[in-house]
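Peer 1: Quick one: the structure is below, questions incoming.
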């Protein structure tokens, strides 16, 4: 059975205390059932009900409701039957008052009793018998006894059904009072010869859920030939009666006639059983209707009676009687508030008007005269000014410190017998000065907040109240200055001045600070202001924001640590233990260990709670020596965080075996969360270096090109180029003898410190910028060029490269003779224009110093430039010139020329079979070549 409580509260008169509350409950609720929390609905506390000795006042009526002051609720005290309480009156309600003392308060409570479908339709009799003449015509009506359903509304009587329906049909007519008049109508004439008795079942159905019903048997006796039914003189009669009329009062008389003779013409009057039939009866013989019960105008203002008129032959007629109920003096006075004051100052004078009232009573004469009075123990009185007008004035001086407000109950009674009364409660506030400081709801506060919160998050609210009024009661909240760990508390929290809402200024970290406290001051708006303070403690709750940290085994990037397991280890052998911690707390720090990856999963297992790595089977010789385990450590937070540790295990019985196996063991690449960062960083560095090198190379190329262009446009003469080991036998060119050249060069000869020649002379030309002397060649010094596989060793002559004198390049332009066949060297790549110009400048710069430094047949050149140098000082520079950047050194030494010519002749002739091939001359080592030689020897 579902029920609901409807609550509404209206503030009357002077506002805060007096009110009216209404509840709606179904009937037949169990004793002790909860009706509603009246304390909560009226905004009262349980302590107020206890201190005020709350009680229920019902007057002279029975108490169906009880008040539990310790809980502040209304309970069902006794069984409530709506039908016995209100009958057919809708709505049905219980009205009572709840009274409080100290100070006295008055509340009106209304409990509406709703109907439930707990009564099925019932007929007064189990069987009705009718006698119907066989001559009865179709359409004849037979008033059936109404079913009585004590329920109302949809649960009341709804419809009728008649079975079988061969000769009769049922007809239901709704009356103005909500009742349903039922008639049985003859549809097909009866035939006594075929069926002398007809049995019917009349079923009454209500509209409730579930649907209830009642039945009544109808027995019809078919009579012979009575074809004139009685007829009422009027189909509808009207009458009136006072609501206080005594039982037996005659209401009206029904008149009906029958033209038949004898017993067929004798008329009888009956009222079918119904709700109205319990209050009225009709004389069977004369049709006089009298009052048999007490009627109430407030419950029902009129009644409708169905009267059946029958003759002895079974024919009948029906008519209706409408009874109007007249009102009597049963209305209490009505109190109307014309004007009222919500508050007065405690310094007002005696006789000040507080409220003006207008009292009205709809009754007349003495019943309409009203007298009013106030409740006791209040400094007020009521006086009458003119007819039906009253004023409430102060009777003594007011003191707000004694009472801040008053509930003035005005009770007005008429002079009727019995006297009727009504009352109204006025609430009057007494204004005062600011003499009350704000008071917090608690002596201290504690609040919780989860770490990593969003700055500005509302944590909770502090609340303080002030017993004063208006501006004096306006409370502002201030955060008192203090510090937490040396930091001002204002950098942690803030307090809204109006609402007392405490906000987080920063995001808290449980690992840094777990709790802190501060003080909040509440200050009212009076002058001067009053204040109080309270201590607030903030507790930070942990959040799973830290992954586990592995303490052992320690992960090092430079060395490898392995745990040894002997091959004789049994099942459950403890290999090692992974130790990890989590700086979080609670279940966020509960750690579990799992084996993520392993070389052989069937060999090891990890303890879920303790992190112990143990063997799960016997170690065999087939097991690999090197085992790599990946253990993941997870916490129990939501979501969980984890860390991974690599454990290297060596399955061996001795350390040398482990050492031999792990010699070539390369450390596995440590995969961690920063791997992507390192890869991107390496790629960026390589890209930067590449771009830098590219820019440097391009800059050098551009610089050299610009230098070559500068020299190309100068007026210095050009030194001609002659290929090495080229023989001039005719002596017609500028080079009159055979020259044989061999040069020791570095990979970048242009930048070499020294260039050494091997043609007959033991002097070497030095190109060191800071040197002008000569350096004797070390005969005993070995060069890397002396190695047989040296890539710089002089190759034997190629007989395919022979040229005529006309084909040789040279400044003389002479043509060659047959001796051109004596060419013994390969034709090298000609030098560039820049190299030739560079050689010219070097020769010109060193002419001024050549005499002092030259040995026999050579000319020393210095890189220092002499501004007094001119080309006319050069003594035939074509006789002995070293061309930087080329593979030849030109000389004019006769002995060297002769030796070179002999060597060229021997190289031109086919070598004898018995003689050994002469060793090619070695070139002097440069510092760069010495370094390369040293590296090769070390290898």
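Each residue's number is its place along the chain shown, starting with 1.
Glycine is no exception: its Cβ is also placed from the backbone N, Cα and C atoms.
The signal peptide annotation in TrEMBL covers 1-19. Residues annotated as domain 'Cadherin' in TrEMBL: 18-123, 124-232, 233-335, 336-440, 441-550, 565-662. Here TrEMBL flags 675-700 as transmembrane segment. Among the features that TrEMBL reports, region 'Disordered' is placed at 771-832, 885-939. According to TrEMBL, the compositional bias 'Low complexity' annotation covers 894-908. Summarising the annotation, TrEMBL assigns compositional bias 'Pro residues' to 909-921. The compositional bias 'Basic residues' annotation in TrEMBL covers 929-939.
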Peer 1: When secondary structure is assigned with DSSP, how many helix, strand and coil residues does the domain 'Cadherin' (233-335) contain?
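Peer 2: Its residues fall into 7 helix, 45 strand, 51 coil.
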Peer 1: Give me the DSSP three-state residue breakdown of the domain 'Cadherin' (441-550), ordered helix, strand, coil.
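Peer 2: Each residue of the domain 'Cadherin' (441-550) counted once, the result is 7 helix, 52 strand, 51 coil.
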Peer 1: Using DSSP, tally how many residues of the domain 'Cadherin' (336-440) sit in helix, strand and coil.
Peer 2: 4 helix, 57 strand, 44 coil
Peer 1: Give me the DSSP three-state residue breakdown of the domain 'Cadherin' (18-123), ordered helix, strand, coil.
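Peer 2: Per DSSP, the residues of the domain 'Cadherin' (18-123) fall into 15 helix, 42 strand, 49 coil.
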Peer 1: Summarise the model's confidence over the domain 'Cadherin' (124-232) as a mean pLDDT value.
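Peer 2: Value for the domain 'Cadherin' (124-232), mean pLDDT as a whole number: 84.
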